[in-house]
Structures are given as structure tokens and as C-alpha cells.
Amino acid sequence: MRSIRKRWTICTISLLLIFYKTKEIARTEEHQETQLIGDGELCLSRSLVNSSDKIIRKAGSTIFQHSVQGWRINSSLVLEIRKNILRFLDAERDVSVVKSSFKPGDVIHYVLDRRRTLNISHDLHSLLPEVSPMKNRRFKTCAVVGNSGILLDSGCGKEIDSHNFVIRCNLAPVVEFAADVGTKSDFITMNPSVVQRAFGGFRNESDRAKFVHRLSMLNDSVLWIPAFMVKGGEKHVEWVNALILKNKLKVRTAYPSLRLIHAVRGYWLTNKVPIKRPSTGLLMYTLATRFCDEIHLYGFWPFPKDLNGKAVKYHYYDDLKYRYFSNASPHRMPLEFKTLNVLHNRGALKLTTGKCMKQ
């Protein structure tokens, strides 16, 4: 009898301990999810982030839901984030190397592959800006437009174009999707791999003409080419540079500094966001904090389905597939999204993932 009573006592105590420990963990995670500690540093629950694959798969999950109605800018937090990022990088300076940084014939090491080197060609040097393309520039509102299929049928085109400065990623097509993505492009990125994927590697005159036409639509916009990241895209960069010079295109070319990507990663790691390599979208948001008073994000949705279970394309303009939760991916997009969602809820930025209000 005494043995049975002892077992019951141990069992009861164990259950109580489990119950209180679970409540303590839940409170801690809830606190960490939205906590800004110290002088504005973002802190996220690692356990919540690491289980994001399971979370997003739950039907009707509310983890990533947020409201755009009633959203208000938190100007003091915006200034705090800008100040903190400036401790790691100055986007005005690091957005591009300038002519005085190199001379033709200089040899540099690739940012993500220090064993490999690149020679600074005459064409590349001639296209380097004299001064930073973002020098002394400041905007009231900016749009950073990602390429997720969540934009399709959003009707966000007019809203995106209404911003003072629009940043786009990877030379994404806009004209045929204007109702959803707009057409205004003030700053647009272009990974060298785009040449092969979207323009056939310039194999024929038709491919080259298509590319030239796309760039001609940019006028005086900044074309941001990460030419120094890894070996393999150098010939594409040279082809692009040659076409710009040959056709006297008016785009303003920019090539990010050799320290930029490590500085951006350092900022987020210090703020307890364990990214691998920042995605283009996160990179652009980080840069935009330097010259934008209010940042609006569109086309950010790193999941194969929306919250209603409807399939969402990786890119709104093609059928490319992407494994968001693969450990082989160089990015941690779901983690990045969760971070941006926290910032949205605190008024540091506005994240739009649904339909836009008619203007």
C-alpha cells in the first residue's frame, strides 16, 4: 500500500513539474518572439524559429498573420534600427564601390570564395560610379518588392508605384504584371545568374535585344550587380557591362562593396537572428533603413502555400521551384520572414502579404 502511495506521489509531482515547466517555456517564447532588448536589438525565440516548417503547415496557422489595417509607423524604433545598423555598415557608402576603389588590372578576392580571384577589367572600371549612387539621398516612403507569387492577384501595382523610391529584386519583369507589382523601378538588383536563366546566356541576338530592351526601361535607375560574390558569373557580368557600354544605356551601375554582405549578416547575427547568407530581400531592407523614413515590403512570402492552403509560386513570373526549408539552401527565408513580421507588428516596417486597398 505504501509502495502504491509513493508511486502516486511521484507521478503527481512529475506532472506538476512538467505543467509548470511548459508554462514557463511558453511565457518565455511569447516574450522573446516580439521582445526588443537593450537599445532596440531584436530577439527571437529560437525554438519557435526552428519549428517554423511544422508551424506553417498547420491549417489556419496564425503565427505569421498580421494586420495592415490600423498599422502605424513607430518612428522612434525606425531611428533606433537605423542607428544600430550604422554600427555595422553605412549603406550610403557600402551600396557600391567607386572608381577610386580600384584601377584596371587590380586583382581582388571573391567575397564568398577567398581562394578565387577576379581581375578588374577596363569595362567594369569604366562603369563604376564616381560617387555612391545613394549619396545624400533620402525618401519619405520606400517600397522593397520581393518576387514571391503572393503578389499575383494582389492589385498592389498602384500602391507600390505611389512610393517615393521603389527597390526591386533580380531584374524581375514588371510590364505584364503591372496591376499586381507596378512598374516604377528606382533601384533594381541583378544577380549574374539572371543572364543565363532569363536571357538565354545571350546565345543569340534575340536574347541580347531582349536584355537591352529591359534595361532601356530603367532610364536613370540604379542597376545593382553583385559582381564580386562568387566565381562563375564573371563572364556574365562582362557581357552585361559590354552591352551597357555598346548601347549607351542610361542605367547607373553599382557594384556592392566587398564588406557589405558580411556586415549585414553580422548585424542580424548580433541581434540573435541566425541567418546563413542574407537573401536579396533582407539585404535590400537593411540597406533601405539608411535612406528611407518608412519602408513597405511587398512580395515577401517564403512558403509554398498561403494561409488558406492555396499554392504560391516561388516567383510570380516563372515556374522555378525552391525548397524553403532545405538545409542546403544558402538562405533561411522563413526565419527572415518571421523576423520581418515581428518588425511589422512593432511598426518598424509595413509588410503586405495580401491584397492592396484600391486607391
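Sequential numbering from 1, following the chain as shown.
Placed from the backbone N, Cα and C atoms, the Cβ positions cover glycine too.
Positions annotated as topological domain 'Cytoplasmic' by Swiss-Prot: 1-7.
What Swiss-Prot records for 8-20 is transmembrane segment, and it gives sequence analysis as the kind of evidence.
Taken from Swiss-Prot, the feature topological domain 'Lumenal' applies to 21-359, supported by sequence analysis.
According to Swiss-Prot, the feature N-linked glycosylation site maps to Asn50 (among others).
When secondary structure is read from DSSP and collapsed to three states, Asn74 (N-linked glycosylation site) falls in the coil class. According to Swiss-Prot, the feature N-linked glycosylation site maps to Asn74 (among others).
What Swiss-Prot records for Asn119 (among others) is N-linked glycosylation site, and it gives sequence analysis as the kind of evidence. Within the same chain, residues at least six positions away from Asn119 (N-linked glycosylation site) with a Cβ under 8 Å of its Cβ are Gly105, Asp106, Val107.
In the three-state DSSP scheme, Cys292 (disulfide bond) is classed as strand. The C-beta environment of Cys292 (disulfide bond), restricted to residues of the same chain at least 6 apart in sequence and closer than 8 Å, consists of Arg138, Phe139, Thr141, Cys142, Phe165. The disulfide bond annotation in Swiss-Prot covers Cys142-Cys292 (among others).
Positions annotated as CMP-N-acetyl-beta-neuraminate binding site by Swiss-Prot, on the basis of similarity to another entry: Asn147, Asn170, Ser279, Thr280, Gly281, Trp301. Classification of Trp301 (CMP-N-acetyl-beta-neuraminate binding site) by DSSP places it in coil, neither helical nor stranded.
Around Cys156 (disulfide bond), the same-chain residues at least 6 positions away in sequence with a Cβ under 8 Å from its Cβ are Asp180, Val181, Gly182, Tyr298, Thr352, Lys355, Cys356. The secondary structure of Cys156 (disulfide bond), as reduced to three states from DSSP, is coil rather than helix or strand. Residues annotated as disulfide bond in Swiss-Prot: Cys156-Cys356 (among others).
The N-linked glycosylation site annotation in Swiss-Prot covers Asn204 (among others), and the record cites sequence analysis as its basis. Counting only same-chain residues six or more apart in sequence, none has a Cβ lying under 8 angstroms from the Cβ of Asn204 (N-linked glycosylation site).
As annotated by Swiss-Prot, N-linked glycosylation site applies to Asn219 (among others), with the evidence given as sequence analysis. Sequence-distant contacts of Asn219 (N-linked glycosylation site), defined as residues of its own chain at least six apart whose C-beta falls under 8 angstroms from its C-beta, comprise Lys250, Val251.
Here Swiss-Prot flags His331 as active site, proton donor/acceptor, drawing on similarity to another entry. Reduced to three states, the DSSP call for His331 (active site, proton donor/acceptor) is coil. Its Cβ taken as reference, His331 (active site, proton donor/acceptor) is surrounded by 19 other Cβ atoms within 10 Å in the chains shown.
The Cβ of Asn147 (CMP-N-acetyl-beta-neuraminate binding site) has 25 other Cβ atoms within 10 Å, all protein chains considered. Of the recorded residues, Thr280 (CMP-N-acetyl-beta-neuraminate binding site) and His331 (active site, proton donor/acceptor) place their C-alpha atoms 10 Å from one another. Using the Cβ center of Asn147, Asn170, Ser279, Thr280, Gly281, Trp301 for CMP-N-acetyl-beta-neuraminate, the list of other same-chain residues with Cβ within 8 Å runs, in sequence order, Gly146, Ser148, Cys169, Gly299, Phe300. For Ser279 (CMP-N-acetyl-beta-neuraminate binding site), the same-chain residues 6+ apart in sequence whose C-beta sits under 8 angstroms from its C-beta are His331, Met333, Glu336.
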